[in-house]
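Before any comments, here is the structure.
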């Protein structure tokens, strides 16, 4: 009797074969604490409760919370279920071993990065996404769907496409096809400042088919990097003066900006020296962007 809010991504997974397949691919353990986002009426939740120590189900719709509570009430599964009511993007994630969810599709991107930046590390996430979003997560350099989402996710995790799920497996059916993806965070994570990395990648992928030389000629990009560079030089000067005063040694950190300095020329020089001036973001892999970021940083230019 519930009217599902499709605008809020409420498409209940109804096919028990698909539910069982997701649970199987999650390789759940008896000792696991599972995070589920958007449990709906609990078709997936109940199957997981049978196999794990605890399921923490996060639901924003009080009506569905009531349905889920009624479903386990009076059963041996009730004490293994914890329900958190609210917006998962606005709350801190609890401790969990794995995340298994049929996500509301409109929160896919922010939730993925909330997961990947979460500590302590979890083992894996088995998540249902809109098909095109899932294919972007696993896209490789040079392919049509390769984008900022692809490289940022693959920097932090191993991503595998597990299976396709058709529209008719949901009630009500969504307008798009779906896919299940496995995400396993890299532990330890790469030794990179993610905010700075994302700043560089964002600039490069605004027009991923253009050369980096052209992409970095944007006035907005030049203004940002000029501002960051001047802050960098100012901070280094303060350190230098402190060292001179305290130990009477002039240090290499001293950086002065010449009067005729132009950030555009410095950017183009770095791109040429690193060999990426004529490269395009669409064909660059993680190692390429790491080398490029190092090239900029070593010259005092930062993106965060």
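One is the number of the first residue shown, and numbering goes on along the chain from there.
The backbone N, Cα and C atoms fix where each Cβ goes, and this holds for glycine too.
Under the heading S-adenosyl-L-methionine binding site, TrEMBL lists 11, 13, 38, 59, 87, 102. The domain 'Ribosomal RNA adenine methylase transferase N-terminal' annotation in TrEMBL covers 18-187.
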- prompt: Which site among 59, 87 has the most other CB atoms no more than 10 Å from its CB, taking these as binding-site residues?
  reply: 59
Statement: Comparing local Cβ density (other Cβ atoms within 10 Å) for the binding-site residues 13, 38 points to 38
Message: Using a Cβ cut-off under 8 Å and a sequence separation of 6 or more, which residues in the same chain sit near residue 102 (S-adenosyl-L-methionine binding site)?
response: 11, 13, 38, 40, 44, 128
Task: Measure between the Cα atoms of every pair in 11, 13, 38, 59, 87, 102, the residues the record assigns to S-adenosyl-L-methionine, and report the largest value in Å, rounded to a whole number.
output: 20
- prompt: Mean pLDDT for the domain 'Ribosomal RNA adenine methylase transferase N-terminal' (18-187), as a whole number?
  reply: 97
